[in-house]
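One structure below.
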Amino acid sequence: MTQKHKVVVIGSGNWGSTIGKILAENTREHSDIFEEDVSMWVFEEDVDVPDDGTLRDQLGDKPVKLTHAINTTHQNVKYLPGIKLPDNLVANPDLQDTVKGATILVFNLPHQFMSKTLEQIKGNHLPYARAISCVKGVNISEGTVKLYSELIMEKLGIYCGSLSGANIASEVAAENLCETTIGYDGPPMDYKQPDGSSQDNLIKVDKQRQSKSNPSRIALHPVPQTYHHVDSALLEKLFGRPYFNVQVVRDVSGVALGGALKNIVALAAGFVAGKGWGENTKAAVIRIGVLEMVRFGCLWFPQSVDERTFTKESAGIADVIASTSAGRNFHSACHAVEQGVTVDEIEKKELGGQKLQGTSTTRAVHEFLEKQGQLEKFPLFVFVYDILEERTTMDALPELLIRGSKVIA
Ligand SMILES: NC(=O)c1ccc[n+]([C@@H]2O[C@H](COP(=O)([O-])OP(=O)(O)OC[C@H]3O[C@@H](n4cnc5c(N)ncnc54)[C@H](O)[C@@H]3O)[C@@H](O)[C@H]2O)c1
Ligand SMILES: O=P(O)(O)OC[C@H](O)CO
């Protein structure tokens, strides 16, 4: 192989910076396969310099650009404070410049910013690049539901897998042992250059899922054979660390869907905790929530989601456990009930610019279910929506649990 993969990460938040750290550690360790430097796109903003002697010596005490702070101190002082980042992780505020020449794009943004970001990337990336989406959320548009791995494929015309798992960023960044799942079912090495005329040269957008709402095939460019083939072995080298145990599976949609829907369940668990109702009630809510997650997958991703992903992989039940114990969605929902305010207010007040994914996912899923006329099949998802929109109170929970049990029976 004569060419090295250029890896970039798009997003530099709490998880974006953590994944950037992992990628940069691995590109350095496998510098025969990857260029050592990893560019990380930063949504530029002015940040306050924390009251820390070393940081103030390096940055001064006036607000500075986040990019400058990262590249000077090798720390994301706003979104991942206190964690040393490798010096080959290079912050870049210019999105087009970041993706230029990259063969592997890792998307790690709050989902609410994805559509706009993809529009800005379009046409500036290599046609044969491959992507991994670490984004947890679903995209609802014109009554259809899409995963971000699908949206990336559709908008950029490049193959995209997904990464998700029980991965609270601060714990991963501190190098506490955990697992993650990568869904990847990319084209084989002998894939031929598409000429636009032969079906053989086209690949299904999502091999497992074809519906009226999804273009079934796109012309996918092969990665030149001068590069190492992008497959599960290469992805394990790129993402796996001694503290970050990677399993690669073919169920791209199941991995992405688990990461998106568990945030609705985490909000429900947080509401229960905020009421002080204890672990038994929380477990009851989680049970119904998990069954609704599986039902959602079976109904709208019937050929693509492997039900076993929910039980076998970190992206399923393990992520539900972590997120309903210690995630931001869980804590924010808990604080909202305790303080008698909305979750949106808590997000603004307590998260320091970090973005909840559960609130917008709940609203998007509700909009989708309503259009499909399927609200009654998802009583817990609807309940979380009603709480967020202040259409009901936690007093309705006992009735919900009885109804939820009947619906899923
Ligand atoms: N934080 C975690 O523990 C964690 C773990 C696993 C997965 N995830 C997932 O990773 C994804 C990214 O989350 P995160 O934790 O890195 O982000 P975050 O919650 O820290 O969000 C803040 C990020 O959003 C960026 N941003 C703000 N306004 C923007 C705009 N207009 N356009 C583009 N970017 C903008 C900020 O610069 C910052 O990088 C989410 O889907 C999340 O669910 C998060
Ligand atoms: O902090 P949350 O609620 O966004 O969850 C973080 C991760 O998704 C947990 O795996």
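For all residues, glycine too, the Cβ spot is worked out from N, Cα and C.
Curation does not apply to TrEMBL; its annotations are automatic.
Matching PHE43, PHE296, PHE301, PHE383 to the NAD(+) binding residues that TrEMBL gives (GLY11, SER12, GLY13, ASN14, TRP15, GLY16, PHE113, ALA169, ARG328, LYS355, GLN357) identifies PHE43.
Among LYS122, LYS136, LYS146, LYS155, the residue that TrEMBL places alongside ARG328, ASN329 at the substrate binding site is LYS136.
Closest by Cα distance to LYS262 (active site, proton acceptor), from the binding-site residues GLY11, PHE43, LYS136, ARG328, is LYS136.
A Cβ distance below 6 Å to any atom of ligand 2 is met, among the binding-site residues TRP15, PHE43, ARG328, ASN329, by ARG328, ASN329. Counting other Cβ atoms within 10 Å of each Cβ, the binding-site residues TRP15, PHE43 show the lowest value at PHE43.
With the fewest other Cβ atoms inside 10 Å of its Cβ, the least crowded of the recorded positions LYS136, LYS262, ARG328, LYS355 in this structure is LYS355. For the binding-site residues GLY11, GLY13, the ranking by surrounding Cβ atoms (within 10 Å, all protein chains) places GLY11 first. Per Cα geometry, LYS355 is the residue among the binding-site residues GLY11, TRP15, PHE43, ALA169, LYS355 nearest to ASN329 (substrate binding site).
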